[in-house]
Amino acid sequence: MAKKALVNKAARKPKFAVRGYTRCSKCGRPRAVFRKFGLCRICLREMAHAGELPGVQKSSW
């Protein structure tokens, strides 16, 4: 889990638009966040395996 202060800081609108960054909506992780889902790679994988993300399925070929 991310520190609450950093999560709150990221939620505020920055003074300059380029300073804004994405965080995982579930755990607050700042890196490897998929914008389409708003989740980090770890949470995305866990939720996809649990079937909590509609339209996402494990690929096999």
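Placement of Cβ uses the backbone N, Cα and C atoms for every residue, glycine included.
Residues or ranges marked as Zn(2+) binding site in Swiss-Prot: Cys24, Cys27, Cys40, Cys43. In sequence order, Cys24, Lys26, Cys27, Arg29, Arg31, Ala32, Val33, Phe34 constitute the residues six or more apart from Cys40 (Zn(2+) binding site) in its chain with CB-CB distances below 8 Å. According to DSSP, Cys40 (Zn(2+) binding site) sits within a strand segment.
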Once the chains shown are all counted, how many other Cβ atoms turn up within 10 Å of the Cβ of Cys43 (Zn(2+) binding site)? 21
Where among the binding-site residues Cys24, Cys27 do you find the Cβ with the fewest other Cβ atoms within 10 Å? Cys27
